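Structure, as structure tokens:
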Amino acid sequence: MGNWVENEGLSIFVVLVWLGLNVFLFWWYYLAYDVPPKFFYTRVLLGRALALARAPAACLNFNCMLILLPVCRNLLSFLRGSSACCSTRIRRQLDRNLTFHKMVAWMIALHTAIHTVAHLFNVEWSVQARLEEQGTLAAVLSSLGDEPNESYINFYRGTIGNPVGGLYVAFTYLAGLTGVVITLALILIITSSTKIIRRSYFEVFWYTHHLFVIFFIGLVIHGAGRIVRGQTAESLAEHNPEVCYRNFTRWGRTRSCPIPQFSGNPPMTWKWVVGPMFLYLCERLVRLWRSQQKVVITKVVIHPFKTIELQMMKKGFRMEVGQYIFVKCPAVSRLEWHPFTLTSAPEEDYFSIHVRIVGDWTEGLFNVCGCDKQEFQEAWKLPKIAVDGPFGTASEDVFSYETVMLVGAGIGVTPFASVLKSVWYKYCHDATNLKLKKVGVLSPRAPRAARGQRPPVKTEPPTLLWLQGGVSPGESNTGGSDPALGLYFLQATHFAVHHEEEKDVITGLKQKTFYGRPNWENEFKSIAGQHPGSRIGVFLCGPEALADTLNRQSISNSDADPRGVHFIFNKENF
């Protein structure tokens, strides 16, 4: 758990506080229903299942309050951009919004399971108590409410036994019906959010995730039926259950033990979730407003290996390095929004994204942009595009360090295209105020040759080919001096014979590419030795396995002495 949390960038402190609040709420509400005399008679009917149902319900309210906040992207971007309220450490936590969103979702699933199982026992015992033979306390309690001027404690008023009685409660009572609906919605949301579904069937993930609307509507009205009932305060003043339960056959015949009166608990969930729901509604309204603003595609560039570049313009659009946007193309789908990292620099008069054609939606975008045609595509024939964003990421902090390592696997180098371009623009125009002095770019992910076989005779580096055009002009303007670019790319081992040439044959840069799979421990130790006493930013956009490796190396190669070298690990997460 600890390694996973550190890998995802969430601090142990944040996770422990969140877990601690869950434990506190569970224990507090468990005692609130298991100890007070108000629920004495309710416990007679339901036993410990009453407290075991109500305690996770409180935790559900708490986590459902939190689940929407991490996906309020505009709110998070506002907080992240406000240096007055967000230090670098806090901004790093905001960058892990989706990690926290997933953790809260799993906690909701856990408490839903506990809550559901406990209520299954509650329903069974309520139905059973209603049919119990007279002469027992449970039978007397269940019969309350049958006569005028009596209030009931057993919410089940039927006379049908289990299992039909239980099914009757599940599908005719408001609490039962909404419970079934929101549980099914939650199951569909969680099962369609797995990595396999997200990557292979994104549309399924997208559409089922919007069942959260049904989930929250059902959640808010779930408690309106008030099936959990306790003794009223007025009745407790006249009828002490811890004394009167022994004389239940004489209730109403003595002044000390009148017939107890009961009332249902008022619904509380809306008090927990109304604030986040309002914030999320504002978030969606902002997104809707942004999606109506006109976006013009100024240029479409087809790059090798099924990658296209869209250059766009939008009035009032402002961006920072490493940020991302959500894109919708109504000609492909009227509902789907997909995230893409911005590959242009803030200094440029347009913004751009690079799209690898890997699925139905990207294939549709490829076709509507005319990339499947040989003839030149007129600008007026290009599709309409809606853009939401930009939104902040960890890469925005790249200029807070003097030395950074940018590690991108495959298409994961895209966040750093914007960084590299902006570095050169800043260096060319005002190098004296540029804190960043050295940039190392590593792209280690590539297929290995099988053991005993020679490397491929010819292998192209797909992601760095389009990166070449954006960086090499800047380098040529500065003579290839610092900020130095150390590029590490595995695939092109056959190019090593050209190492003596003036420019690198892969990138076209004067700074040469180093070949082979990086030895991360050696790389970190080498960088640490070259920059003693420095804070070195490590930025990754890549798979979790690589993130785990880099995170461990960042920790193990950082000095315990605050004055020593420290590697600060950051991971793109959107």
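Every residue gets a Cβ built from N, Cα and C, even glycine.
Annotations in TrEMBL come from automatic prediction, not curation.
Because the structure is a prediction, the values reported are computed rather than measured.
Noted in TrEMBL for the protein shown:
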- 12-31: transmembrane segment (TRANSMEM)
- 51-72: transmembrane segment (TRANSMEM)
- 99-121: transmembrane segment (TRANSMEM)
- 167-192: transmembrane segment (TRANSMEM)
- 204-225: transmembrane segment (TRANSMEM)
- 287-397: domain 'FAD-binding FR-type' (DOMAIN)
What else in the chain is close to the transmembrane segment (99-121), if you only count residues 6 or more beyond its ends and a Cβ gap under 8 Å? 8-10, 14-15, 18, 22, 46-47, 49-50, 52-53, 55-57, 59-60, 63-64, 66-67, 70-71, 166, 179, 183, 186, 189-190, 193, 573
Using a Cβ cut-off under 8 Å, which residues of the same chain at least 6 positions beyond either end of the transmembrane segment (204-225) come close to it? 60, 64, 155, 173-175, 178-179, 181-182, 185-186, 188-189, 192-193, 197-198, 264-270, 273, 277, 335-336
Take the transmembrane segment (167-192) and find every residue of the same chain, 6 or more past its ends, with a Cβ under 8 Å from one of its Cβ atoms. 105-106, 108-109, 112, 116, 119, 123, 126-127, 155-156, 158, 160, 201, 204-205, 208-209, 211-212, 214-215, 218-219, 221-225, 227
The transmembrane segment (51-72): which same-chain residues, six or more beyond its ends, come within Cβ distance under 8 Å? 18, 21-22, 25-34, 43, 97-98, 100-101, 104-105, 107-108, 110-112, 114-115, 118-119, 122, 216, 219, 228, 268-269, 272-273, 275-277, 279-280, 283
Residue counts (helix, strand, coil, in that order) that DSSP gives for the domain 'FAD-binding FR-type' (287-397): 21 helix, 39 strand, 51 coil
